[in-house]
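Structure, as structure tokens:
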């Protein structure tokens, strides 16, 4: 492919894997360059009755700077501040945006309690169009189909079908986070104690039970006995 350059990338539309959703269900599309701060500001404004501002942030939800990319797909109808909060919201992410979408879901579940979760893992098709660097060479343009991983997560205030795969019931996330913090503290404490023992057990001169211990090994300088021996031999000659 050294004679080609990527001209454009087209992501093929994929139908929603959650049947029966209402048309006004909010969908948040998470991309690799999306900012979690902006995504969560919008999601909290739709799911909370009185949305709390994020740490160090305030104001109304907004899209990315410049408006060149759109991570949040809002409902077609106008959304006034006094509108009732949504009962359901969908997070989608493809490629490198999958991990960021999972992060947004976990943050929203901690901020809004009692949300039921339904997860779908699938593949999305992306078309890559490659154009030749030198059109006069007689090369044709190429179209490459790529299948990239994608995730769809539905969060709902209303109960969902627990028999379907990918369902997660609401849980006490504060206890889980406290347990994880306790385990991390225990691991960090063990590493600190292990490091001290390692530093204290290094080689070199040290003190033994009976006093100082002299480092063993052959000295580079010749011993006194060796020099006297050579002189005696020279005298005999």
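Note: Cβ is positioned from N, Cα and C throughout, glycine not excepted.
According to TrEMBL:
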type     : residues : note
COMPBIAS : 50-65    : compositional bias 'Basic and acidic residues'
COMPBIAS : 201-211  : compositional bias 'Gly residues'
DOMAIN   : 27-122   : domain 'DNA/RNA-binding protein Alba-like'
REGION   : 1-28     : region 'Disordered'
REGION   : 50-87    : region 'Disordered'
REGION   : 184-237  : region 'Disordered'
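On the 0 to 100 pLDDT scale, the domain 'DNA/RNA-binding protein Alba-like' (27-122) averages 75 in this prediction. Taken through DSSP, the region 'Disordered' (1-28) splits into 0 helix, 11 strand, 17 coil.
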